[in-house]
Amino acid sequence: MANNITLTGLLKKAAAEFSDRRAILVSGEFHLTHARLQEIVDHAASLLLASGVGHGDVVALTFPNTIEYIVMFLAVIRCRAVAAPLNSAYTAEEFEFYLSDSESKLLITPPKGIEAARAAASKLNITHVTATLPGGDGLIALSPSPNNESSLDAVAELTNDPSDVSLFLHTSGTTSRPKGVPLTQLNLASSVQNIKSVYKLSESDSTVVVLPLFHVHGMIAGLLSSLIAGSAVTLPAAGRFSASTFWSDMIACNATWYTAVPTIHQIILDRHLNKPEPTYPKLRFIRSCSASLAPTIMGRLEESFGAPVLEAYAMTEAAHLMASNPLPEDGGHKPGSVGKPVGQEMAILDLNGSAQLPGFSGEVCIRGPNVTKGYKNNPEANKAAFQFGWFHTGDVGYFDEDGYLHLVGRIKELINRGGEKISPIEVDAVLLSHPDLAQAVAFGVPDDKYGEEINCAVIPREGSEVDEDGVLRFCKKNLAAFKVPKKVFITDSLPKTATGKIQRRIVAEHFLAQISTAKVPKFGA
């Protein structure tokens, strides 16, 4: 793959090649063609330049999934500035941290709501403006308006460079301190091309974005990969995922695929079981990423919606995609595997940096043009992550004889019970094969005898009744004795991140905090 490509260059090429095809649709309201979207983005970029935004400046954005957000995101990177998307649900204290850590110069929000972000920006003396798109298909208006006169010529004179940092995000992994991840035009361009290639995205495709666009999964896999392919993207009218409107949106836009985290797949499945739609669109594939998908859930999805479910493997530091199960015509998928590397080198290394043979586990390591050059202002994290010429993901996995990657778990999440290393993903899969369980997550807890013991939290299916003894009996039939959870928490909800991911650290802290005598484990630094 060429190392001189840029995301903005790919978007311009698509706008020229597929000028009259639909690019963005807002459910039940309006749509923009690829050419019109490019015009609106260039105009918004001219406003940012007139407002003093320049090369390398960090611009924070906090919006629901709206057309204004997409336009402003693309306009920021067109200016050779850095987009720093933030979750609108953050508290004022969280906004303070993220705005400060990213060194944001400007905050852009909708005219109403998100008061916590405004308060944080004010406290940090960061300029705040609002963005609106009157009528949905007009031109962006900023308030207050720029002091200087805007000029499209100034935008045309800009040349985006592959080395330009365009996106700044924070990780939300197993450590408690989020790490800042700068991603360049080359990183983003490489990733979207990888996604387009492995799923054969084209101008004939269409999808509904169900994930928040402040996260790489929704932004890169759902939105940007579609745009560079000339595809169409529908935004739900509510600005976020809604199970009640999901299939009507999919049918209305002639969707051919969608991507989601396992939690959303389960919500979609549960609605199908309890309130099925009269008809479903014919999908080329369903994609799952950002957390492990149990084979039983994959099977139910395929049976219910008649499309192959392709599980993928991704992380922020790789500008999202690292590996994916291929389409049926390219080799097919393996339940329980996250597929083959896509557009980058991948190796399974031991602690000394030596490659492991197929079937032997080690740390998953990658290198390629999609991978970040390093965390911002964090030499300790960079030293740990970049060794032997590879980026170390912190995940344990192995390749099978066919070259498919199987993940065992996060290094810091593997449960060490008296010297036996247990994969919580394996325990999850068994729990989710129970016919009366809708969701489940296993996690490690401190134990005086074994060092660590296994607990789990489960959500029963609607209308089902389960008890702890029944769940434990099921586990004893399907797991080795040392892998059986010691305690089962039965609940109606699990704590999730803003992107719908279930993190074991957070789940463990949540349930152990309910037991006054429990010692809450310490994870990471």
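Even glycines carry a Cβ here, placed using N, Cα and C.
Features of the protein shown, as given by Swiss-Prot:
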{"type": "BINDING", "residues": "171-179, 311-316, Asp395, 407-410, Lys501", "note": "ATP binding site"}
{"type": "REGION", "residues": "242-311", "note": "region 'SBD1'"}
{"type": "REGION", "residues": "312-375", "note": "region 'SBD2'"}
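Residues belonging to the region 'SBD2' (312-375) score a mean pLDDT of 97 in the model.
Figure note: comparing Cβ neighbours within 10 Å for the binding-site residues Glu311, Asp395, the maximum is reached by Glu311.
A simple way to gauge crowding: the CB of Thr171 (ATP binding site) has 16 other CB atoms within 10 angstroms, across all the protein chains here. Counting every protein chain shown, 22 other Cβ atoms lie within 10 Å of the Cβ of Ala314 (ATP binding site). The Cβ of Arg177 (ATP binding site) has 13 other Cβ atoms within 10 Å, all protein chains considered.
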